[in-house]
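*Asks:* After the structure tokens below, expect a handful of questions from me.
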Amino acid sequence: MRVWRDNWLLFTIVALVLCVATILLPQLRLLSASVIGDGGSFSMVHRGSGLEPVPEMSDQFQTEAVDKGNALKVTRGGGFALDISRMDRQTLRLSAAERIGTTDDGNGHLSLQLGGSSLAVTQQAPRGLFNRTAPDPLSASQEPDGSVVLKHAANAYLTFNDPGTRLTISNYIDFVTGNETVKATLNSLFISLSATLIAALIGVSLAYVVARFDVMGTNGIVFFATMASVSPPFLGAYSWRLLLGRNGVITNGLGVDFSIVGIHGVIWVIAWLVFPVIFLLSYSAFRGLDASHVEAAESLGANPAKARFSVEIPLAMPGIITGLYLATMAALSDFGTPRIIGLDLNVLPVLIYTSFLSEAGRNPALAATGSVVLVAISSLFLMAQQIYLAKRGFSVVSSRAIDRRPLSTTGQICALGFAGLVLFFAFVPHMTVLVTSFMEWRVGLPRFAFTLSNYTNMLESGLTPAWVTLSLGIAGTAVAFALGLGIAFVLVRKRYAVLAPVLSVTVMMPYVIPGTVLGIGLIMMFNEAPLQLTGTWFILALAYVIRNLPFTVKASEAALRQVHPALDEAAISLGARPLRVFLTVTAPLMLAGAVTGATLTFLHIVTELSSTIVLYRPPWKPMTAVIFENTLVDADFGVSAAQTILLMMIIYVPLYLVVRYGQSRRIENA
Amino acid sequence: MSRYLALAAAAMGAAMLVPATASAADLVVYTSHGETTSSPILDAFKQAHPDINVTIVRGGTGEVVERLRAEAGNPTADVLWGGPTQTFEENAALFQAYESATDADMVTVDPNHIWHPYTVLLQPIIVSTKRVSADDMPKTQDDLVTAKWKELGSLIIPDPAKSGTGYTILSALSGDKGWEFVGNLAKDARIAPGSDDAFNAVRDGEAAVGWINEDLGAKWKAEGLPIEVIYPSDAVTGQVDAQAIVAGAPHLDEAKAFIDFLGSKASHEVVRDATIRRSARADVTPPTVLPELGSLNIVSPVDPRPVVVARFQEFLSK
Amino acid sequence: MPDILTNPGRPQGCEVAIESVSKAYGPLTVLRDVTMTIQPGEFFTLLGPSGCGKTTLLRAIAGFHPINSGKIAFDGKDVSRLAPWDRNIGFVFQNYALWPNKTIFDNVAYGLKLRKVPKADIAKRVRNALQQVQLKNVEDRYPSEMSGGMQQRIAMARALVIDPPLLLLDEPMSNLDARLRVSLRQELRDLQQRIGVTAIYVTHDQEEALELSDRIAVMHGGVVEQLSRPEDIYARPQTRFVAEFVGDANFLEGRVAEGRFHLEDGRSLQLAEPGEAGPATLFIRPERLRLVEAGQGQLDATVSDIRYVGRSWVHKLALGEALHVWAEAPVKLNIGETFGLGFEAATLLRAA
């Protein structure tokens, strides 16, 4: 068998099976949940004032009063008809053209059989606050004439539910006609596009200035932007609210009647959250320009301004567009910011989360439908980006790096001022948290009194979340990276027919799946034996690996393309088998270029919020979940601030090490 | 290759065992009580039972119940602590009965012994003094139905679909004043995704007026925050807060010990003194800063939750 | 092949038999029914322009590309289905393919470690191999610290240290500058002769091929145009492609009749070996064309252009309106002068 002889083919098949099971199937599961509806239900309330239908709680069935207050007729397409009339305050008679069957399993689960379908009957009865007796239970008895007599509690709501399932697009119809859902969708689109626009204005112009002019401290600016790009996602919202909320430190201090809470605040905070990615990609695009392209324009008489808009920006466009796309995606799928600073603002990720995880308004079908819509919007953005890149799919291979233009003193001051201002805004949240972590917190608000108690409390209450975060970060990075390396190798070097393209598409899918949606999909998929993973450390690790796989595969592919195939073949010709070639030659060579990628994966994992908040269960509760919850519940933020500082150390120390030492031993490749 | 696979499998297997062993000595409590409300009790419990290590998972009532539902059959939690009694009744299948000796000492009791009363929690009106002048203070629930609130920063209502407190308030008010009243309330109101969001919004002045759990309101008032807490003269909504043992709890003995402790007179004195809540024990007097129950018209939920959620949804989509 | 590993004496070069080998990438055929046998110890060159299939053939011998049909045998043993890592060959890459993250020692020792050679022996053999390619005390350095020529030698040492019976070289000198190339050529040839390894060398540089090889196969469009000793390739090309690709050439179209070669304009000239009658192309190298006084040769021609190429002058001689030949002379002639041409060294190429 070829499969057994070719280790890589075996790996490809195993990787494909794993990816399909953990990426594709949960999404299909979500999709199917969005097109499956239950068999419908109807409700009525039976009080002293009479028997009334409750149309808000009826679906598929029509209930109409025949004798107002005394009798109802229930119908549904397909010939179903049921008559219900009151006998006394707690008794109803149910009759139909045919005989009605009843079953009672003794545990209070009562059901009726009628017209080929089964109806589960439940009652909900009010109970006084200090009442010591329970409502009367529900019971049904068969009458000789085929009707059923139903006894229930006083003043009860009775719900008849058909547990059958059917294929339906009604969830989608509800989605596009519902006030809340349409608003949430429009809000999401508006926020993501306008935040990206603001971030693009800041990010692209700063990138241009820093890339093309000889600005002092360029490395520092780029490093700070990199730091900002891996900030914990909820940090900004909380800090800005603390400063500029109606009761914020600054608004109170200045006595102004202003609040950042609302859609404008969400846009503002998200713009600062996503600007670094636009800046970094635009910066490298501008740095990647070939000097001769610009010189050619200049030799033909273009002044710098003309060359900028006719040559430099168009040539850098693929990089800028990629940055814009990533920013839009981040903005679209951000859960933390709108949840914290939006107050009553509804956006898709929050809608999905709350309709999946809430006590009574729980609506998995709505969550699934919202998820599908969100993934569809993301996919449209991706398609737009791909179409743009395909049309203008050139890559500028820089043969001679462009020289930075010198700046006059005034120019230098302006450029530094601009960069300083941008970085100041980007780091306002970090500074806020640092300062407030040393402040005393009372009833959810900071007081101007220095204290270390937040840190001592953090140490006392245990560092378990830090360990959970670290273990997930390290294990997730290792697995995502090993898989990423292997898959990239298969995609770049092996290119198996059918398998490789399918693997490639599957592995890239999480690119368009927001964290909330991914989490819900995983719960739907892995909540039952034998694949019961919910509530374990593994499901978090799995989510993190999946979410980072597109990134690690792309990074490894890039690294692999730098490794000339002859380097592999040299080892093969000397007698090394494929796996050995990979382990002793290819992987070490890729690794050198890919450590940065691994670090970023680690940083993504330890700051991941949107899938964490859906998936975590104790005792596996990562720091992001702890901090986020504390910002919402009435807990004091002090300890959370201390934890955020710890999280930032977990993030920024490795980042600094990689930036400082990662590039020092550059390996020339063949 | 097979060697590597075997190694990987062994490593996976070893790692799988970790969660099971790590939780062996723990009692896992899901709670909707905040840090300030829960830690005095937890400290007292730790003193009484130093051998039991309590792990706390916090979330809104809706969130923690949903976790329980998702975990049904394979629960990690032992106790759900917090949430109105209705929540426990609606989700009775998620919990198991336990007849605690302390149940008899309470002002109310679950005849099925699923839930065990903890506190009586009223929801007076909270007003932001940043937004509302003394002349405009509401005195009754009826006063909340006027157009002026929209100009001042709106009334904020916790979504009953996502908040147990929101449900209690709306169900009780609809029972007392009818659904039309609730419809009028909802007309110009902002809807918060959780009760804490609603409370904090009024505290910070993001919204003008809302309701608050009385213990938190008393604490905030004592801290001098810019709020006013008002017990409306026509009706005050209230709920009984409870706890229950999760069905299939992995640490049943510890869970029973916790339930018994939460019902004890000692812990209810802590409840009264440290958290400013009305104990559900008949023999514990209410905190001095709170008004006597007898002086108030207490209304409690009437319509069940799905009805309230569905009806409220109807108002919102109008 | 344990004997190779343990045997302190060097193994003999192996015979490589290529039988009817074809290879296609989809619709594109790159090797068509190629057959050749390379003798043990031979220095054999595959010569041709890019795209002629020479590298594909070399890589097929190495096993990097599976072949569609045919057979490749080393010393009579069919290796067509053998994985490349089991073929025990030395391969030198165009870009050397030294692993940039490994020291020179680790690069060279790689094949020995795979063969589980004892540690002490590895050090000795690596040192020997580096000595063979004239390198000393470079073991601890990294490839990026070495010049192109040194990298090329290290690549050679890495391929040879495992004592392969067959050494495959894929344009190993194409990245070097002209002077270095010339000096390395001789070294390579000496080394190969000393070791006795069979070498198959791919190049598009005809000079290199002529100087190095025992035999050359000139390839074009996936087929072998001619397989001969270098002197035959140069002096007696069998096809116009070979004649054109190797060295400079004059071609005159015409036909053979009555023992003479008739140009298209009617003039004719006497040949030493006219052969059969029929259409033919007359071929002569510029340096073999004899220049005599006007009227003394077989045809007269007038100098119309002159190019200086260093060692001599090359003159364009017009035979008529659109007909000219190039002739090399040690002295510079004058434009406009007329000379007689002697075609004694010419040969005839006939369409296949």
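Heads up, the Cβ atoms here are built off N, Cα and C, so glycines get one too.
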*Asks:* Transmembrane segment per TrEMBL: which of the ranges A:1-20, A:221-240 is that?
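*Replies:* In TrEMBL, residues A:221-240 carry the label transmembrane segment.
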*Asks:* Hey, which bits of the same chain come close to the transmembrane segment (A:466-491), Cβ under 8 Å, at least six residues off its ends?
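*Replies:* Result: 8, 11-12, 15, 500, 503-504, 507, 537, 540-541, 544-545, 548-549, 551-557, 559-560, 582, 586-587, 590, 594, 597-598, 601-602, 605-606, 619-624, 643, 646-647, 650.
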*Asks:* For the transmembrane segment (A:365-384), which recorded stretch in the set A:189-209, A:221-240, A:315-333, A:498-523, A:529-546 gives the largest number of Cβ pairs separated by under 8 Å?
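*Replies:* Most contacts with the transmembrane segment (A:365-384): A:498-523.
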*Asks:* Could you pull out which residues elsewhere in the chain have a CB under 8 Å from any CB of the transmembrane segment (A:581-606), counting only those six or more residues past its ends?
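*Replies:* Cβ under 8 Å, 6 or more out: 230, 469-470, 472-474, 476-477, 480-481, 484-486, 488-489, 544, 547-548, 551-552, 555-556, 558-560, 562-563, 567-568, 570-572, 622-624, 647, 650-651, 654-655, 658, 662, 665, 667, 669.
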*Asks:* Same-chain Cβ contacts of the transmembrane segment (A:498-523) under 8 Å, 6 or more residues past its ends?
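*Replies:* Contacts of the transmembrane segment (A:498-523) (Cβ under 8 Å, skipping residues fewer than 6 from its ends): 9, 12-13, 15-16, 19-20, 22-24, 26-27, 29-30, 329, 332-333, 335, 349, 352-353, 356, 367-368, 371, 374-375, 378-379, 381-382, 487, 490-491, 533-534, 539, 542-543, 546-547, 549-550, 553, 608-615.
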*Asks:* Given the cut-off of 8 Å on Cβ pairs that are 6 or more apart in sequence, determine whether the transmembrane segment (A:221-240) and the transmembrane segment (A:413-439) share at least 3 such pairs.
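*Replies:* Contact criterion met.
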*Asks:* Using a Cβ distance cut-off of under 8 Å, indicate which of A:260-283, A:413-439, A:529-546 has the most pairs with the transmembrane segment (A:637-659).
*Replies:* A:413-439
*Asks:* Is it true that the transmembrane segment (A:413-439) and the transmembrane segment (A:529-546) have 3 or more CB pairs under 8 Å, sequence gap of 6 or more?
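*Replies:* As far as Cβ distances go (cut-off 8 Å, pairs 6 or more apart), the transmembrane segment (A:413-439) and the transmembrane segment (A:529-546) do not touch.
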